[in-house]
């Protein structure tokens, strides 16, 4: 592909989890379609190393790892590793010469953001979670523009923070306007525990299905995560119920999964919460209890407080109380419809365009 040397250039920093990478990819595609040169900064051992090239973008790697809670020796070595990674990022920036840098979380964002500001390049930060990560908390003090998905995420004296929502794929935003909910022959339950799955959901759901199938018609599509396929299938088979269950290690086509589902049982990562709002689906949210600063519980509150989801903390999750919640949906299809509408009410559907335009505006001024 021929590269226009006069095209505006952006360096995007996002990695580690899908909650960082997929929103950043949405912005990258938006800008690329407008003729921008997009380059990525990440780490070689995290998911961005695989996903970003698959979507057609060049990626550079720096050597950086998380330092929070990693022991005394790694903590003592951290300053030296951070300085080295900042120098590596400066080399990438000097070679690519971006007009603007977008940080959306992950290990590479810290060194890349510092290197960019040292080079005098505008830095845009986007925080996907309701509670900011440590890297974004620090970078927010030097960023040119701070964006967040949810209100009251940052408290920065003398600096404006703009709430723009979380970028989601265009096809998901469109799906929400077309999706119809109501009475079906069977309640369609989508179970998603993230790319690695959720052990507790893998263990509880087969028992839930066994309970519900005695009196209700239910069908399940269950993403169990890497290396959990055989064990979870065995759990369902041990229940001895003739239930329609599709068990998958990973669901590549989430649009199809959301289109199929009536209700979602899931963790409450920022991207998941934003996608549920965009597609207008009710949910039963089981926050990951070991997330930094318990940010998944705060994320979940966005939907729960809007009447779009139920919160079931992992500490009290049982097959009985999960089955009770799903029975409510199965026996009251009007609840599905109403909660789906409430989810759609909190959706921010133009977040991708907003983030892209803010980056473009700063690039024009630089």
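Backbone N, Cα and C define each Cβ position, glycine as well.
Here Swiss-Prot flags 17, 18, 19, 129, 169, 195, 251, 270, 271, 272, 273, 274, 275, 296 as UDP-N-acetyl-alpha-D-glucosamine binding site. Look at residue 17 (UDP-N-acetyl-alpha-D-glucosamine binding site): DSSP puts it in coil.
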Using a 10 Å radius around its CB, how many other CB atoms surround residue 17 (UDP-N-acetyl-alpha-D-glucosamine binding site)?
20
Given the binding-site residues 251, 271, 273, which one is most crowded in terms of C-beta atoms within 10 angstroms?
273
